[in-house]
Amino acid sequence: MSSAAVVHHDDLMEPTLQSIINQKTLRWIFVGGKGGVGKTTTSCSLAIQLAKARKSVLLISTDPAHNLSDAFGQKFGKEARLVDGYSNLSAMEIDPNGSIQDLLASGEAQGEDPMAGLGMGNMMQDLAFSIPGVDEAMSFAEVLKQVKSLSYEVIVFDTAPTGHTLRFLQFPTVLEKALAKLSQLSSQFGPMLNSILGARGGLPGGQNIDELLQKMESLRETISEVNTQFKNPDMTTFVCVCIAEFLSLYETERMIQELTSYSIDTHAIVVNQLLFPKKGSECEQCNARRKMQQKYLEQIEELYEDFNVVRMPLLVEEVRGKEKLEKFSEMLVHPYVPPQ
């Protein structure tokens, strides 16, 4: 299990995310976990705390469910937009499954292409992009390119539920495979197809194969460069979010092992929805659930003794809107003290 390069030994047991706020070299922070454990609430709250310490913060949702708009009560889209009430916190929601057509189309309807009826463009597209994950990889690379040009000091990713979270790590390989396939097609059939399809080409946006190759190569370079940063613990860390239940703990352990195998730093776990029944409480369900949660909390502390483990309470209301998010975010840096 990895630990951050600049986190000092004295801070390792601190039950907060303060070490992440203090680590000024961080540029990329990923927040991930199983569905329904409070990832979006945690990533929004972390971004709010970072905005107090950094010049500019960008919060990006790559979860197709797009909960950022719901959390802040404000509509976000593909373009970065300032969050109401903040001068240095922006947010955007992107679809990681965006299609190749969206990326390459220049706004011309396919029906206007005289060759569209022959299906030549579609055939080339199907051949070139038959490798699984190419759409997603190119969409992600486009986002990274956009994010890099915007030059935010720190970027927080509210990721899709585990299973999709770590896909971006395989994208350079996926793009390399697609490039190799396209190069092969280009050398074998390129001149012939380009002449058949005419100057406008048969690919979306009227591009020919060489232009498409150049575009994919530039995207591959971007994604490879950023992936190098992802593996640098001074620049990137991953915050795991879970609840104190078996399946969530199992998923967290699997995710941490996968992150470690990719050399991605992780040293913080946020445990959400913890019950703190008052002493002498006669709520049978509350006490039974607390007992179960206590068992898994002990396992978390034993398994991840060199992690910052943050304990967050189950609240009586949904955490939605600026005020509630700010209140919740305070508990990420100041440990929650349950009422006696």
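Just so it is clear, glycine is given a Cβ too, placed from its N, Cα and C backbone atoms.
What Swiss-Prot says about this one:
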| type | residues | note |
| --- | --- | --- |
| BINDING | K34, G35, G36, V37, G38, K39, T40, T41, E245, N272 | ATP binding site |
| ACT_SITE | D63 | active site |
| BINDING | C283, C286 | Zn(2+) binding site |
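Positions of Swiss-Prot features highlighted on the structure.
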residue: G36; record: ATP binding site; contacts (Cβ under 8 Å, 6+ apart): none
residue: G38; record: ATP binding site; contacts (Cβ under 8 Å, 6+ apart): V241, I243, V270, N272, Q273, M312, V319
residue: T40; record: ATP binding site; contacts (Cβ under 8 Å, 6+ apart): S61, D63, N67, L68, D70, A71, D158
residue: E245; record: ATP binding site; contacts (Cβ under 8 Å, 6+ apart): M292, Q293, Y296
residue: C283; record: Zn(2+) binding site; contacts (Cβ under 8 Å, 6+ apart): P277
residue: C286; record: Zn(2+) binding site; contacts (Cβ under 8 Å, 6+ apart): L275, P277
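All protein chains shown were included, and the count of other CB atoms within 10 Å of the CB of D63 (active site) stands at 24. Across K34, G35, G36, V37, G38, K39, T40, T41, E245, N272, which the record gives as binding ATP, the greatest C-alpha separation is 19 Å. Under the three-state DSSP scheme, G38 (ATP binding site) falls in the coil class. Packing around K34 (ATP binding site) is summarised by its Cβ count: 22 other Cβ atoms lie within 10 angstroms of its Cβ, all protein chains included.
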